[in-house]
Amino acid sequence: MTEHEHEHEDRKSRVNQMIHVMTTSGWRITEQRRKLAEIFTDANGYLSPKDVYDQMTVPYPSVSFDTVYRNLRLLSEMGALEQFYFMEGGLKFKARCSTHHHHHLICVNCEKTLTFDYCPMEQSLKLPGSFKIINHRFEVYGLCEECQKEPVNS
């Protein structure tokens, strides 16, 4: 089990990788969409829609929150971003790792994420009907080792 870090990919290739996902999904690459790819490439952790909106309004003051949110949702649907739901922090996004398939252990306190290679979908499953799996996600929420050591506030 390792921390989810992508030091093996340089920034330019990660930006280009996200742009490639956009173009193969039929998107025209605008300056704003390139900026979205850069924001997620440079992010060290998860970003809420408001985090992304705040960064987008610096170079593009007229961009609306709805436009940013819609693009995040579409980027997630096309596989460029992963969505995570945090109990306190709500919906957040992170660039999808394209180098290998893995799942996540997510700390509900500090939002630290650990990857692990176990995949429940690799077990033989008898699905009803002729159901065809297109994609899946498996997340386990709990407390990381450091947060377990912290005293509980009551």
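Backbone N, Cα and C atoms are what each Cβ position is placed from, and that goes for glycine too.
Among the features that TrEMBL reports, Fe cation binding site is placed at His101, Glu122, His136.
Long-range Cβ proximity for Cys144 (Zn(2+) binding site), meaning a same-chain Cβ under 8 A and a gap of 6 or more residues, is found for Leu105, Cys107, Asn109, Cys110, Lys112, Leu114. Positions annotated as Zn(2+) binding site by TrEMBL: Cys107, Cys110, Cys144, Cys147.
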| Check: same-chain CB within 8 A of Zn(2+) site center, minus Cys107, Cys110, Cys144, Cys147 | Val108, Asn109, Glu111, Lys112, Leu143, Glu145, Glu146, Gln148
| query | If you skip the near sequence neighbours and keep only those at least six away, which residues in the chain come within under 8 angstroms of Cys147 (Zn(2+) binding site), Cβ to Cβ? | reply | Cys107, Asn109, Cys110, Lys112
| said: For the binding-site residues listed here (Cys107, Cys110), tell me which residue's CB has the most neighbouring CB atoms inside 10 Å. | reply: Cys107
